[in-house]
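Per Swiss-Prot, these features apply:
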| type | residues | note |
| --- | --- | --- |
| SIGNAL | 1-21 | signal peptide |
| DOMAIN | 39-122 | domain 'Inhibitor I9' |
| DOMAIN | 130-409 | domain 'Peptidase S8' |
| ACT_SITE | Asp164 | active site, charge relay system |
| CARBOHYD | Asn178 | N-linked glycosylation site |
| ACT_SITE | His200 | active site, charge relay system |
| CARBOHYD | Asn252 | N-linked glycosylation site |
| ACT_SITE | Ser353 | active site, charge relay system |
Amino acid sequence: MLTNGLISLLAIAGLATNAFAGPIRKVSNAGAAGAIADKYIVVLKKGLSDSAVSKHTNRISSFHSNVARDLTGARAHGVGRKFRFSSTGFNGYVGGFDKATLQEILNSPEVDYVEQDTVVTTYAEQTDSTWGLDRISHEDYSAPYTYEYDETAAGAGTTVYVIDTGIRISHDEFQTVNGSSRATWGFNSVDKTDSDGNGHGTHCAGTIAGKTYGVSKKAKVVAVKVLSAGGSGSTAGVVSGMNWVAENATPNFSVASMSLGGSKSAALNTAVDAIFNAGITIVVAAGNENQDAKNVSPASAPNAITVGAIDSSNKIASFSNWGTLIDVFAPGVGVLSSWATSDKETKTISGTSMACPHVAGLAAYYISASEGGADPATITDKITSSAVSGQVTGNIRGSPNKIAYNGYA
């Protein structure tokens, strides 16, 4: 799971420290699994004006450039990417800082909290089979597999933002009859290459909106690249991508899909809340650690639709996270979809990463069937209330016994 450090803006009058700003605070998530050395997410207090934020960041940058002595290279780059979610006032920045600068930030009155950045990764595993579309379109299902859905809706008029490794937008799965693509690029916090070097994001996008493998075959998908070709990234990079989505998506007609995760992060969960409050339905993978989803982010965010994985016999997948924060289960074992190595390539893989886009596609499907769009709370209720109950087998350990369902057959 990728977790990048967001660093709040701290003002440094000259080189004077804020020694009397209040009680000494500590960095949250310090030493957490996947912690990235010397990288932090700084979250600023709500209500700060743009000028106050700039004054703070300028002061911290000045302090850092004058006192940073124990770090070299990229680890000591200072104040990096800033973020601001206008829907909630959640704002701050990320960066790499030495110990002295970190303490100056912690002592700054403008700062709400500082969180150590952590690694975020995809939730996928290789395996084999095709059955997911049948499962989510039938209350009771069996081979031969068919997909039943309302073709007049099918995600028309909706956009799903795939926060992942990117999308091969030229893939046949996204091409229309007039030769255009329903897939486009939106944001890239990883590098300067707008391509999917991993395949994971293309696979998820295909399950969401592919013309063969997709739940919502008329939806548009937008690549929000926050993970590298190796399938990992940082919390800071993920939050930056979420910030872009929150500021650019159309409320009540948009879905964010996040098949990734890492250590529990207050910053990442707060970004989920900001997306939700911006009118964007957000669907996330539960995680592949076979543990309580409350321990990881963004699966632990209350405003996310958190999706666990089942296999084709309706049994909870051996790897799937579980617990009361799960909202629904969806197909996540042996899922066939598009792949990024060519415009016709496909691949069968498993993971809660594969379950998540089934439900993201379902969210788009339900939005398109609603006149005038639908807000995240309405779509969350629709997905959980329409789910098939009582069919998940295995030890679900407090998870709701619900399988995502489009209510069609």
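Using the three backbone atoms N, Cα and C, a Cβ is placed for every residue, glycine included.
With a 10 A radius on its CB, Ser353 (active site, charge relay system) counts 33 other CB atoms from all the protein chains.
Each of the recorded positions Asp164, Asn178, His200, Asn252 was scored by how many other Cβ atoms lie within 10 Å of its Cβ, and the smallest score goes to Asn178. Rounded to a whole number, the C-alpha distance linking Asp164 (active site, charge relay system) with Asn178 (N-linked glycosylation site) is 27 angstrom. Ranking the recorded positions Asn178, Asn252, Ser353 by Cα distance from His200 (active site, charge relay system) puts Ser353 first. The two recorded residues, Asn252 (N-linked glycosylation site) and Asn178 (N-linked glycosylation site), show a Cα separation of 27 Å. Under the DSSP three-state reduction, Asn252 (N-linked glycosylation site) is assigned to coil, being neither helix nor strand. Taking only the Cα positions, the spacing between Asn178 (N-linked glycosylation site) and Ser353 (active site, charge relay system) is 31 angstrom. DSSP assigns His200 (active site, charge relay system) to a helix in the three-state reduction. The DSSP secondary structure for Asp164 (active site, charge relay system) is strand.
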